[in-house]
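Beneath this line is the structure, given in structure tokens, with notes to follow.
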Amino acid sequence: MAKYVFVTGGVVSGLGKGITASSIALLLKSRGYKVFMQKFDPYINVDPGTMSPYQHGEVFVTADGTETDLDLGHYERFIDEELNYTSNITTGKVYSSVIEKERRGDYLGATVQIVPHITNEIKNKVYEAAKTSGADVVITEIGGTIGDLESQAFIESLRQIRGELGIDNTLFVHVTLVPYIYGSGELKTKPTQHSVAEMRGLGIQPDILVCRAPEMLSDSMREKLALYCSVPKENIITAKDEKNIYHIPINLYEQKMDEIILKQFGMKVNKINLGSWENLIKTVDNLNKEVEIALVGKYTGLHDAYLSVMEALSHAGYKHKVKVNIKWVDSERLENENLDVVFKNTKGIIVPGGFGERGIKGMIMAIKYAREKNIPFLGICLGMQLAVIEFARDVCNIKKADSVEFDNMCEEPIIDLMAEQKNIINMGGTLRLGNYDCQIKRGTLTYDDYKSEKIAERHRHRYEFNNKYKEVLEKNGMVFSGVNPESDLVEIIEIPKHKHFIACQFHPEFKSRPVRCHPLFDSFIRESSK
Ligand code: GLN
């Protein structure tokens, strides 16, 4: 039977609950256990797919095509396991499925209520994750902060799970803030005391406290928290601020976080193997060169919108021992600026994914600049679509080349709506999502990168390259180095005459791992740091 770790948050949001949950999972995996991860998001949206990146940051996509919270990206990067539809549960998902059952008559005349119907549904999602993954330990993070109205049904479900399975099979980790007060120069435990009191009011006694603080908590502070919160002193762990999140698992390990968990579960504390992670930390701490990569997009005011892209760039940097400094270029502003000045120190240009017409002009200008000045370029999804439009307009003289997404009456629809998308009315969950195969042409840059003819990558888009234009673009020097074997949809393009110009319709960033960077980011950073 699986064991369950629940990670809640207190005092404020943004304390690194996701990183804590991922670190726990990594440590348990490094002790030889099979782990699986799950996130509960209390909002009413069925998934974050319809939310603006400004609201929610990036939408992370799993191999099975589930649109999820960006924390799942951290999970996959830390534990290097593929997650799926059981890994991200929202209030919207829970209620939709309960209402569907009610309409079908499944509840046999009962009055459908939060307890037990909604809570049963939530509990089933936890048990389903354990069953389908076959994991020894499932780690579930609960979004939001204890005390939020919208997360109460989730918390109540966890209380019931503890009742059903007992303390040997369930464990509560509460991540809280221990703020530093300038002036008096002290760390303060009171907010944590209040948060734990609130949690107890909901019927849950945490087993471990993870206290986010700028420095290690002293013994006396831990004693005080132990007394007020009824948590053993050794179970009070500090999550010290770190510049690089990949340090966190090691910090938690040094405070025996994983041992405490395994002991509560009565599981063997196997020898740990953290070798590759320790090497990673060494690399991260000793990057001796720097390279400036310009990221040109329209959500540059909120870096979370490009979280996995930032991570993937860093990972490739680790491989090539360079620190990647991202220059954030707001494509809307670019339209009026001097590109030579903006890109003065830039060694590579990346145009990532995006939706809608705003800022497109600036992105196309940046792509043209990269192409003409022979600056390494990587285009992702929208970035590929725009690279093709730019090439068609400027190199092939198809001046009216455009995407139907920006102008649905355009005369030269180089980027068109996919056939299967034409009759879709609902916006949520209807993009081309998740893994699709891609056949790679031998003798291309792309083949050099992947060293394989058959790959699968994760997608999230509605529009596609229009194959009617393939021939003329090829004649002018663009190579279609990857296509989907079933649908013939273009997956990857490149310009061999250029130093390094590759763009793809999928999102390679989702598959990059800190200890194993993605081939397309690998070559992009390699060429940019030459
Ligand atoms: N807006 C484009 C499409 O829907 C690109 C999407 C993306 O970049 N993720 O096809």
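Cβ from N, Cα, C; glycine included.
Per TrEMBL, region 'Amidoligase domain' is recorded for 1-267.
The domain 'CTP synthase N-terminal' annotation in TrEMBL covers 3-266.
Look at TrEMBL and you will find 6-28 tagged as transmembrane segment. Residues of the same chain lying 6 or more positions beyond the ends of the transmembrane segment (6-28) and with a Cβ under 8 Å from any Cβ of it are 35, 37, 39, 71, 74-75, 77-79, 136-137, 139-142, 144-147, 155, 158, 161, 170-177, 191-192, 194-196, 198-199, 204, 206, 210, 212, 239, 245, 248-249, 252-253, 257-258, 261-262, 272, 274, 277.
The CTP binding site annotation in TrEMBL covers S13, D148, L149, E150, K188, T189, K190, P191, T192, Q193, K224. Taking all protein chains in view, 15 other C-beta atoms sit within 10 angstroms of the C-beta of P191 (UTP binding site).
The Cβ of K190 (CTP binding site) lies under 8 Å from no Cβ of any same-chain residue at least six residues away in sequence. The UTP binding site feature in TrEMBL is assigned to S13, K188, T189, K190, P191, T192, Q193, K224.
Feature annotation from TrEMBL assigns ATP binding site to G14, L15, G16, K17, G18, I19, D71. Neighbour count (other Cβ atoms within 10 Å of the Cβ, all protein chains): 23 for D71 (ATP binding site).
Within the same chain, residues at least 6 positions away in sequence whose Cβ sits under 8 Å from that of E405 (L-glutamine binding site) are F355, G356, E357, Q385, I415, L417, R462, Y463. TrEMBL lists Y54, G354, L382, G383, M384, Q385, E405, R462 with the feature L-glutamine binding site.
Marked as Mg(2+) binding site by TrEMBL: D71, E141. Around E141 (Mg(2+) binding site), the same-chain residues six or more apart in sequence whose CB sits under 8 Å from its CB are F6, V7, K17, G18, A21, M37, Q38, K39, F40, D71, listed in sequence order. A strand conformation is recorded for E141 (Mg(2+) binding site) in the three-state DSSP classification.
The domain 'Glutamine amidotransferase' annotation in TrEMBL covers 303-525.
Around the Cβ of C381 (active site, nucleophile), a 10 Å sphere holds 23 further Cβ atoms from the protein chains shown. TrEMBL lists C381 with the feature active site, nucleophile.
Sequence-distant contacts of H507 (active site), defined by Cβ-Cβ distance under 8 angstroms and a gap of at least six in the same chain, are V61, S308, G353, I380, C381, E457, R458, H459, R460. Look at TrEMBL and you will find H507 (among others) tagged as active site.
Look at TrEMBL and you will find E509 (among others) tagged as active site. In the shown protein chains, 29 other C-beta atoms lie within 10 A of the C-beta of E509 (active site).
Checked against ligand 1, the binding-site residues D71, G354, L382, R462 give G354, L382, R462 as the ones with a Cβ under 6 Å from it, listed in sequence order. Binding of ATP is attributed in the record to G14, L15, G16, K17, G18, I19, D71, and the widest Cα separation among these residues amounts to 12 Å. Under the DSSP three-state reduction, T189 (UTP binding site) is assigned to coil, being neither helix nor strand. S13 (CTP binding site) sits 13 Å from I19 (ATP binding site), taking the C-alpha atoms as the reference points. In this structure, L149 is the one among the binding-site residues L15, I19, L149, M384 with the smallest number of other Cβ atoms inside 10 Å of its Cβ.
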